[in-house]
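Let me begin by presenting the structure, written as structure tokens, before commenting on it.
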């Protein structure tokens, strides 16, 4: 706590020092201009120059310097709604610099709340939230949730966790720790400060389902020792912890079971089907489909998910709620759709079917409709066009920085991937 206070003090001193130096520099410049002005006046009296034109010539560079300084030191933020002290909440988002977390940050900031983002940048990126840095309602903390955090908040959105196969398979122990120890720490924080906690769980708790579509009362069909178990079982344990704290300690909890989500700020090479297909299509490479492509998925756009998370947090629903799009497509249909939207000549390449790849996944969202008044509203093609536009820009950015990412498959066994 002392070291954090010292850092804030040093930061404040540095800001004051910078302002002082800028002030001195401007005063020196004005003094120089004034000296030239006096000299020019003397020259004019001798009939050698017209002072009016020279004043304008000298003042214009000063105006330019002031404009440049304003651009450098005045950060323009997205529009933020004003909330009274009574209505404004102090909100913590773990994993807030990640794909979904950064969009949730945008939503809550623009709604007028005070938002603290905690991220260890294992998969999150500072770029995703840098447009809020410096805003009085925003704070970014580099912190791993497996370590305790001491902060006063009203709500906690616990999103911290690797969520794509390459990331959680690369470090399964870290994934387990984040979903168990990290969740335990956030529940402890919620208990201490009386905050409400929302756990970002997953449709993976249903495993390879034997019931279709999947409703919240389905217990699932999960392989507890498979290659994905670190994530699937980690989330199942996290849910158990939430309800244990609710029953024993009276902590208010909300649990969102999130289905496949896509949109801007996804990692380009995270191994998910959306990012893989878009990247392959944009680069003119074959779109890789594992198995026959008859497996089904239902994809929701990220803004729909964010609205669902906020609605759930502010509701009285303490039991798990599915958040997903019930519009179902086969993987093959999805590959063809992305190919057409990109306008790509890429072929579709069929590879061996992956281990533990669910054959069907579709959420039953009756509960979300009835109890939250929520359902997805962004059409699939509209969302995909936004994602494609983002990926085009990312490719340009990477090209300018001499790096072109390649689609990264999730390693399961013998180099195989699965559709996510």
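Don't overthink the numbers, they just go from 1 along the chain as shown.
Using N, Cα and C of the backbone, Cβ positions are placed for all residues, glycine too.
Just so it is clear, the model here is predicted, and its values are computed rather than measured.
Here is what Swiss-Prot says about this protein:
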type     : residues                                                                       : note
ACT_SITE : 231                                                                            : active site, proton acceptor
BINDING  : 98-100, 119-120, 122-124, 144-145, 159, 161, 178, 200, 231, 235, 261, 267, 272 : NAD(+) binding site
BINDING  : 149, 150, 177, 185, 188, 191, 192, 245, 248, 249                               : UDP-alpha-D-glucuronate binding site
CARBOHYD : 316                                                                            : N-linked glycosylation site
MOD_RES  : 1                                                                              : N-acetylmethionine
MOD_RES  : 94                                                                             : phosphothreonine
TOPO_DOM : 1-19                                                                           : topological domain 'Cytoplasmic'
TOPO_DOM : 41-420                                                                         : topological domain 'Lumenal'
TRANSMEM : 20-40                                                                          : transmembrane segment
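Locations of recorded Swiss-Prot features on the structure.
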| residue | record | CB count, 10 Å |
| --- | --- | --- |
| 94 | phosphothreonine | 31 |
| 98 | NAD(+) binding site | 29 |
| 119 | NAD(+) binding site | 27 |
| 123 | NAD(+) binding site | 21 |
| 177 | UDP-alpha-D-glucuronate binding site | 18 |
| 192 | UDP-alpha-D-glucuronate binding site | 13 |
| 235 | NAD(+) binding site | 27 |
| 248 | UDP-alpha-D-glucuronate binding site | 9 |
| 272 | NAD(+) binding site | 27 |
| 316 | N-linked glycosylation site | 7 |
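One residue stands out among the binding-site residues 145, 149 for having the most other Cβ atoms within 10 Å of its Cβ: 145. Under a cutoff of 8 A between CB atoms, and with a sequence separation of 6+ in the same chain, the neighbours of residue 188 (UDP-alpha-D-glucuronate binding site) are 148. In the three-state DSSP assignment, the secondary structure recorded for residue 248 (UDP-alpha-D-glucuronate binding site) is helix. For the topological domain 'Lumenal' (41-420), the model's average pLDDT works out to 88.
Within the same chain, residues at least 6 positions away in sequence whose Cβ sits under 8 Å from that of residue 178 (NAD(+) binding site) are 145, 146, 160, 161, 162, 234.
Taking only the Cα positions, the spacing between residue 272 (NAD(+) binding site) and residue 149 (UDP-alpha-D-glucuronate binding site) is 31 angstrom. Put simply, the residue listed as 'N-linked glycosylation site' is 22 Å from residue 235 (NAD(+) binding site) when counted between their Cα atoms. It is 21 Å from the Cα atom of residue 119 (NAD(+) binding site) to that of residue 192 (UDP-alpha-D-glucuronate binding site). The shortest Cα-Cα distance from residue 248 (UDP-alpha-D-glucuronate binding site) to any of the recorded positions (94, 98, 123, 231, 316) is found for 316. Look at residue 272 (NAD(+) binding site): DSSP puts it in coil.
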